[in-house]
Amino acid sequence: MFSSSQQEKMSLSASRFLWPKTVFGRRIFVVIIILVTLFLYVAWCVVDVLDLSHGFGTTDMLKRYTQDDIGLNEQLKFVCEENFQDTRLYMQDKRQEDWKNLSMIYFVTPTYPRKEQIPELLRLGYTLQHVPRLHWIVANDLSSCNPYLSTFLYRFHIPFTHLSSPMPSQFNNAKAKPRGVSNRRAAMEWLRSCNITSGILYFGDDDNTYDLKLFQEIRDTKRVSMFPVGLIANYGISGPVVRKGKVVGFLDSWVAGRRWPVDMAGFAVNLAFMTEHPNASMPFVPGYEEDYFLRSLALKLDMIEPKGNNCTEVLVWHTQTKNHELTTVQISHEYLDNRSNLGLLFESLSNMGVAKASDRGGERHYYISFRHA
């Protein structure tokens, strides 16, 4: 074993061995170091330019996340119902005609069948009912159209498109499922198929809570606007860091190598800008949907428009409802016909996917006692 003094002497002698002994040799050595540094810097810049121009680190990644799965769910997309008529007379104490010059907001809501689906869409629908110039795209993760959902959407009197957009079957048994991706991709495909190239695109989940001011803020988005989202992971917030009116970074408790560590509800895109990038898409990669979508738009930091009073206000909250299993209530058949309200009530609940009634029981049995008059 060597003492510390001996190790220092050996290290010093090694460094002297590497350092040229002549003045000319030292100059050449310094020039080589500078050239190597410049080469590495230029190489980094080239990679960064490719990354920004294609939206991904390499063309192979671009192909992997867009071209290879470009037909995964588009071929499974069905337009179930469309309504382009806005039958609301008043919105926010103004007549509909007073809002006619505003840009249209295309509000994309991915959803899937569960007990909480209809209650959450009901809450969201009555929020959107106060928003002028809005087209609601509801994409349901279901292999067929749900007639009840189509009828349900008419009650809000706002324009809507109901899509059936099931997640590709190869992801059904995946440990981490890319939920919502097929829905959002189907919505973007619908926009392209309708040749809609103006307006604002916003991805709004059905379990979030929205301040009406948010819609005022995003409506004038030129390319991509961003804003904080509340109740995200450990920090309780996710959003841009803004200095002197410019986005300079991001605050998020889960970065994981993402260039754009933002929540899906934390940005809006101008459709004219998205049209400039016809390959813009979203990959079936859980946790990286937002990041790669924004990369596919060739987004740069100086393009981002901070909203919400320079990102000091929270206008959208990532609230989540606890999911409950579908239950079957055991009720005698004599109460499921027209002799009581329970028949119609449970027929409606069954259509909503909330609960079922059966006189033969089910996986979970519930007994109700009745007092006879």
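Every residue gets a Cβ built from N, Cα and C, even glycine.
As given in TrEMBL:
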type     : residues : note
ACT_SITE : Glu290   : active site, proton donor/acceptor
BINDING  : Asp207   : Mn(2+) binding site
CARBOHYD : Asn310   : N-linked glycosylation site
TRANSMEM : 24-44    : transmembrane segment
Task: Tertiary neighbours of the residue listed as 'Mn(2+) binding site' (same chain, Cβ under 8 Å, six or more apart) - done: Glu116, Glu120, Thr319, Gln320, Thr321
TODO: Work out how many Å separate Glu290 (active site, proton donor/acceptor) and the residue listed as 'N-linked glycosylation site' at their Cα atoms, rounded off.
DONE: 21
Open item on the list: Can you tell me how many other Cβ atoms are located within 10 Å of the Cβ belonging to Glu290 (active site, proton donor/acceptor)?
Closed with: 19
Open item on the list: Restricting to the chain of Asn310 (N-linked glycosylation site) and a gap of 6 or more, list residues whose Cβ falls under 8 Å of its Cβ, or answer none.
Closed with: Val242, Gly245
